[in-house]
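Structure first, then comments.
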Amino acid sequence: MMDSALYHPRIFFAHSFINGLYSSPRFANTCWRLVSRSSWEIKASENSDRNVFDENPVRKTDGSLFDSASFETVDAEITPETDDFFVSDAEGDPDCPTQGYSSIELALQALRKGKFVIVVDDETGDVEGNLIMAATLTSPKDIAFLIKNGSGIVSVGMKKENLERLSLTLMSPEMEDEDSSAPTFTITVDAKSGTSTGVSASDRAMTVLALSSLDAKPDDFRRPGHVFPLKYRDGGVLRRAGHTEASVDLMILAGLRPLSVLSAILDQEDGSMASLPYMKKLATEHDIPIVSLTDLIRYRRKRDKLVERITVSRLPTKWGLFQAYCYRSKLDGTENIALVKGNVGNGEDILVRVHSECLTGDIFGSARCDCGNQLDLAMELIEKEGRGVVVYLRGHEGRGIGLGHKLRAYNLQDEGHDTVQANVELGLSIDSREYGIGAQMLRDIGVRTMRLMTNNPAKFTGLKGYGLAVVGRVPVVTPITKENRRYMETKRKKMGHIYISDNNDQPLA
């Protein structure tokens with residue numbers, strides 16, 4: 001039988017003969033099995049005349065079938081489905097705040113009233129939080145509060161056109177590089193009118209208001225000064241996940257002019273960067289909404305149009321005829337593809353696979369993962385259904401870490417790390433993929449409700465809340481091999497992927 005740590009010995013697979021891969025008639029003609037809790041049913045073909053298997057399957061050294069290089073796909077005659085992915089409806093809603101944080105809507109309400117908001121950039125690692133408010137609504141009292149609880153540096157987030165209008169050049173021209181992650185400070189300024197030394201809360205408030213004025217001119221300011229203009233990068237937090245971009249984005253979303261006042265929050269006891277508990281205490285004491293930058297990114301991704309359709313072309317494949325839709329990201333120019341089978345029609349109950357790019361698995365047939373097998377199976381099942389969509393997302397290599405880092409992680413796995421430990425050892429995210437682009441592609445194609453082919457709860461939740469409803473899940477069940485067994489076991493245990501238990505008939509959560 002199959003060398004597998006995840007599947008019970010009695011579970012069979014009816015293997016599709018895709019890419020010339022070998023299989024076994026004996027293995028394929030075993031009996032069917034019903035998995036009760038999730039209503040999955042995978043059934044072997046009862047048609048012994050069906051010639052889809054290699055007559056000379058490769059054997060292991062001990063004579064058994066399926067050596068470590070075998071990674072066939074499953075032929076599911078009855079599409080396995082489940083209605084539940086063990087997550088709440090709110091979990092995948094981009095408008096639902098991270099636990100312990102305020103909603104973006106609450107923050108926008110506060111900003112419209114001239115109140116402060118705290119923006120935190122990383123709720124899991126080394127955090128940095130900024131107090132922000134609308135520059136156009138700033139008072140001396142607000143600046144005094146900002147100086148007391150912040151770093152003492154009062155900054156103003158501004159768009160490029162406003163900086164150019166006031167002839168505010170960057171302190172370091174090399175920071176003009178759009179790929180730089182560092183904040184882009186301009187020459188500091190003080191307002192000439194209505195100020196003395198420029199250092200008091202009143203003087204700095206006057207400078208902030210002068211920078212916000214539509215009538216302001218370059219000659220209205222002394223250089224250097226005590227207020228630090230910051231250049232906002234076009235695209236906002238969708239281009240650079242920084243506090244400058246977050247603060248200006250929030251002003252735009254609140255319907256205010258795109259100018260913000262901000263300062264990093266310090267611990268008043270020792271002068272260090274404030275911890276998350278410290279910032280939450282400050283927020284509670286002063287009734288200030290505190291929001292996660294991650295939540296703001298999700299909020300914007302739901303509302304902004306992130307892709308544009310470039311072209312549609314007929315694409316014959318080895319599975320059948322599809323229509324290829326090419327989309328270009330408005331954020332970074334990356335081109336993604338969706339393969340559409342049949343007529344989407346009213347967009348209801350569409351079989352969908354959102355597949356993350358995996359060069360090694362999809363193209364070169366790597367046995368380290370199950371990616372290529374999953375893509376093959378998705379194409380086959382959609383062809384059989386006669387109606388469905390495969391979205392292929394680039395930039396997801398190695399769960400978002402990139403090809404080079406993925407290969408470095410492979411070396412660590414060969415030394416004994418699992419796929420999660422390897423990413424952590426490299427100082428990288430376990431899974432940094434984001435599915436908003438894919439969701440918008442599906443919406444443009446016309447999909448409204450879908451049966452999602454995935455084993456990954458993060459993918460399920462990542463597609464919810466974009467005007468799409470996931471009405472069912474189709475597990476993508478592919479064989480386990482000697483090479484990918486530990487990888488898939490780690491995904492099940494540490495990342496919540498759902499497979500079939502090796503001990504019982506229940507789906508694994």
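Placed from the backbone N, Cα and C atoms, the Cβ positions cover glycine too.
As written in Swiss-Prot, here are the features:
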type: TRANSIT; residues: 1-43; note: transit peptide
type: REGION; residues: 44-302; note: region 'Inactive DHBP synthase'
type: BINDING; residues: G125, D126, R240, A241, G242, H243, T244; note: D-ribulose 5-phosphate binding site
type: REGION; residues: 303-509; note: region 'GTP cyclohydrolase II'
type: BINDING; residues: R353, V354, H355, S356, E357, Q374, E397, G398, R399, T419, T454, K459; note: GTP binding site
type: BINDING; residues: C358, C369, C371; note: Zn(2+) binding site
type: ACT_SITE; residues: D431; note: active site, proton acceptor
type: ACT_SITE; residues: R433; note: active site, nucleophile
Quiz item: When you put E357 (GTP binding site) at the centre and draw a 10 Å sphere around its Cα, which of the binding-site residues R240, A241, G242, H243, T244, C369 have their Cα inside it?
Solution: none
Quiz prompt | Using Cα positions only, nearest of the recorded positions to R353 (GTP binding site) (G242, D431, R433) | solution = R433
Quiz item: For the Zn(2+) site given as C358, C369, C371, which other residues of the same chain have their Cβ within 8 Å of the site's Cβ centre?
Solution: S356, T360, G361, D362, S366, R368, D370, G372, Q374
Quiz prompt | Rounded Cα-Cα span from R399 (GTP binding site) to C369 (Zn(2+) binding site), Å | solution = 12
Quiz item: Distance between H243 (D-ribulose 5-phosphate binding site) and R433 (active site, nucleophile) at the Cα atoms, whole Å?
Solution: 21
Quiz item: According to DSSP, which kind of secondary structure is the residue listed as 'active site, proton acceptor' found in, if we only use helix, strand and coil?
Solution: coil
Practice problem: Determine the mean pLDDT over the region 'Inactive DHBP synthase' (44-302), rounding to the nearest whole number. | Solution: 81
Quiz prompt | Cβ packing number for R399 (GTP binding site), 10 Å threshold | solution = 24
Practice problem: Measure from the Cβ of R240 (D-ribulose 5-phosphate binding site) and count the other Cβ atoms within 10 Å, all protein chains considered. | Solution: 21
Quiz prompt | Spatial neighbours of C358 (Zn(2+) binding site), counting only the recorded positions D126, A241, G242, E397, R433, T454 and Cα distances within 10 Å | solution = E397
Quiz item: If you draw a 10 Å sphere around the Cβ of A241 (D-ribulose 5-phosphate binding site), how many other Cβ atoms fall inside it, taking every protein chain shown into account?
Solution: 16
Self-check item: When distances run from the Cα of G242 (D-ribulose 5-phosphate binding site) to each of the recorded positions C371, E397, R433, the nearest one
Solution: R433
